[in-house]
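*Asks:* Take this structure, written in structure tokens, and hold onto it; I'll ask about it next.
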Amino acid sequence: MPTDMEHTGHYLHLAFLMTTVFSLSPGTKANYTRLWANSTSSWDSVIQNKTGRNQNENINTNPITPEVDYKGNSTNMPETSHIVALTSKSEQELYIPSVVSNSPSTVQSIENTSKSHGEIFKKDVCAENNNNMAMLICLIIIAVLFLICTFLFLSTVVLANKVSSLRRSKQVGKRQPRSNGDFLASGLWPAESDTWKRTKQLTGPNLVMQSTGVLTATRERKDEEGTEKLTNKQIG
């Protein structure tokens, strides 16, 4: 009986160790439970066969004495428990290195996948930031060019006004001040503007005024010439 208790205690200790190993490796727990179920079922069948054979042998040899049968069974039970303990030890020794060898590989694969995903995400973020920066730079360049063009256009208009005012100040006589539209029109169509002004001057009452002015000027010249001749005759 004490040997049976020792073997059962040893068996329970090994079972506790195996459960702790299972808890440490949840990824391979299902596979090992299948192996353990198969092994336990096979060993149970072996034990049942052995116990049945021993019982039959004991019954055939000593059918009258049940104590001998009990002793035989008691002597056979430690052997079976010892066999189960040895098999559990061998299975544990085979299983623990596989768990130890598989766990670092799984951890490394998880770390590699996480690193690869992180690197891909960083690359995507950097590419998006670069695209946004390029778009902003293009918009800034376009805005600067637009401002430069508007500044040049306004400066040309101002310079044109100054040049026209200088020309007007140099010209002799009084004329109507020309606007910016007139200056641009004369710059674009100078010949047409001159002909239009001439035709305007030679039509209507302007022509009459010009003709009367010319006639009066010729008469005054003739009168001056006549007076000069008369004075010359009187002196002579």
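Easy rule for this one: first residue shown is 1, then count along the chain.
Glycine too: its Cβ is placed from the backbone N, Cα and C atoms.
Okay, these came from Swiss-Prot:
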COMPBIAS  218-236  compositional bias 'Basic and acidic residues'
CARBOHYD  Asn31  N-linked glycosylation site
CARBOHYD  Asn38  N-linked glycosylation site
CARBOHYD  Asn49  N-linked glycosylation site
CARBOHYD  Asn73  N-linked glycosylation site
CARBOHYD  Asn112  N-linked glycosylation site
MOD_RES   Ser211  phosphoserine
REGION    217-236  region 'Disordered'
SIGNAL    1-30  signal peptide
TOPO_DOM  31-133  topological domain 'Extracellular'
TOPO_DOM  155-236  topological domain 'Cytoplasmic'
TRANSMEM  134-154  transmembrane segment
*Asks:* Mean pLDDT for the topological domain 'Cytoplasmic' (155-236), rounded to an integer?
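*Replies:* Summing pLDDT over the topological domain 'Cytoplasmic' (155-236) and dividing by its length gives 63.
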*Asks:* Relative to the Cβ position of Asn112 (N-linked glycosylation site), how many further Cβ atoms are located within 10 Å?
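*Replies:* Its Cβ shell of radius 10 Å holds 10 other Cβ atoms.
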*Asks:* Could you check what DSSP calls Asn112 (N-linked glycosylation site) once collapsed to helix, strand or coil?
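*Replies:* Assignment for Asn112 (N-linked glycosylation site) reads helix.
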